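Novice: Quick one: structure below, then a few questions.
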Amino acid sequence: MDEAREPLIAPTSNGDLIDHGDVGSGLRRMFNPRLLGVMLLWLLTGSCTAAAGVFIAPIKKNYELSDGQAASIFAAGTCGYLCATSILDRVVARGWRTLAMLSVFFAAIGATVLSTAPPFPLVLASYAVLMFGLGSGDSGFNVWASRAPHPHIVQGFIHSSFSVGCIAGPFVAAQLLSHGWHLFYRLMIVCFSLCGMWLWFAFQSPTERSSEYLVSTARMDHSPRLLQTLQLLPVWMCAVFYLFYVGTEAIFTDWGPEYMTRVKQLPVQQSPLASSLFWLGMATGRLVLGFVTQKIGLRTVTVYLTVALGLQNLLRVDDPSVCLGAIFSIGFFLGPTFPSGILVLTNAVPRSFSANAVAIAAAVGQIGGAITPVSLGFLSDRVGLSHLPDVSLICSCATMVLWVSLFWQPSRSKREYDPDENESFEP
């Protein structure tokens, strides 16, 4: 092919080339406005995602809802994420700047409506719009990062930004609760506006797109490609894997604070520590273990999951300090799991199918992120929150089994489908 390629992460100068064997030189090139802009977007995504768990109690009180009814905001967010999945391939084909602007625009619209504390049906609709925008950026930039040099490390940085947002979000939300839960979203409007301006200038070429999309868009319609993606076994294996994995994350993010307050008798003012420590562990694990995984390989994820599985037994200890330490450690070892799954998936499907594949898998993961906390909410209505460790253990065991099955899928199966497989990513 003769088409010129512009790298996903552009060099700072013509002579600043990547040596794929030198991680240090790769890091010098990675830190540029594009990567920093994506990290900022994911920081805000994590903040909004984790803050929703803090708002369960005030939303229950303001709208006179049960645990299960209040938890329906997670289901509404998943609906928005699924809608984003249906158009992601078209958006990616139009360029990375288009993806960034779409993500920020709809996120800002959702935050604007939520900032007015509207009636509960409109709250649900606004969460759907908010997650439509954030879900577009989540899935789309996962594809972007998986094509970069040293993808384990790039994925580690952007997913760590998400984790840092999940740490900061609950604390910021808790500080603003005395002025009303909706004030948090007024702050988000400002943040999304600044993020949008950064991304607009960082991705300066509005038509920049990866070469496989130039080829595949001309070669086939989007609907047939989506249907063909749905027929690939690795897509569904990864989707079910994320169903349970994101469900495990949601347990600690959405119900961790309530569990520590109701079951472990932790003071309400300290309850956000459960969610924040979990995501602090995630951020640390993604940064530290990302380098380990890049050096040794994806087989290390099996070890991480095994350790995290064993640590969950400490949640049954009565001492709140032990439980909080266990929650941090669980987050640390679960940290590299999501980005590693993305890399396995993009290596197992044709390049021209990767955007749809990642979007489908991540969307099913969001379904798990909605079903699990909602189900736990209704379970809490019946028997209380004391069974949270049982639910998390079941989800973690399923995650382990599915990871082993997914990891042993042929990593080069895409050659059966993709005539452009010989065209590798050029930095």
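Any Cβ shown, glycine's included, is placed from N, Cα and C.
Note that TrEMBL annotation is computational and uncurated.
TrEMBL feature annotations, pasted as is:
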- 35-57: transmembrane segment (TRANSMEM)
- 69-87: transmembrane segment (TRANSMEM)
- 99-118: transmembrane segment (TRANSMEM)
- 124-145: transmembrane segment (TRANSMEM)
- 157-177: transmembrane segment (TRANSMEM)
- 183-203: transmembrane segment (TRANSMEM)
- 229-252: transmembrane segment (TRANSMEM)
- 272-289: transmembrane segment (TRANSMEM)
- 296-315: transmembrane segment (TRANSMEM)
- 327-345: transmembrane segment (TRANSMEM)
- 357-379: transmembrane segment (TRANSMEM)
- 391-408: transmembrane segment (TRANSMEM)
Novice: Which residues of the same chain, at least 6 past either end of the transmembrane segment (35-57), have a Cβ under 8 Å from a Cβ in it?
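Specialist: Here the qualifying positions are 9, 67, 70-71, 73-74, 77, 100, 103-104, 107, 111, 127, 130, 134, 137-138, 141, 144-145, 154, 157-159, 161-170, 172-174, 177, 181, 184, 188, 191-192, 195, 198-199, 202-203, 253-258, 272, 275-276, 279, 373.
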Novice: What stretch in 296-315, 327-345, 357-379, 391-408 has the biggest tally of Cβ pairs under 8 Å against the transmembrane segment (157-177)?
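Specialist: Counting Cβ pairs under 8 Å, the winner is 327-345.
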Novice: Counting Cβ pairs closer than 8 Å, which of 69-87, 99-118, 124-145, 327-345 has the most of them with the transmembrane segment (391-408)?
Specialist: 327-345
Novice: Considering only Cβ pairs within less than 8 angstroms, which of the stretches 272-289, 327-345, 357-379 has the most against the transmembrane segment (69-87)?
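Specialist: Most Cβ pairs under 8 Å with the transmembrane segment (69-87) come from 357-379.
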Novice: Looking only at the recorded stretches 99-118, 124-145, 296-315, 357-379, which one has the largest tally of CB-CB distances under 8 Å to the transmembrane segment (272-289)?
Specialist: 296-315
Novice: Counting Cβ pairs under 8 Å that sit 6 or more residues apart, are there three or more between the transmembrane segment (357-379) and the transmembrane segment (296-315)?
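Specialist: These two stretches do not touch.
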Novice: The transmembrane segment (124-145): which same-chain residues, six or more beyond its ends, come within Cβ distance under 8 Å?
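Specialist: Answer is 8, 38, 41-42, 44-45, 48-49, 52, 72-73, 76-81, 83-85, 87-88, 91-92, 96, 99-100, 102-111, 113-114, 118, 151, 154-155, 158, 339, 342, 346, 354-355, 358-359, 362-363, 366.
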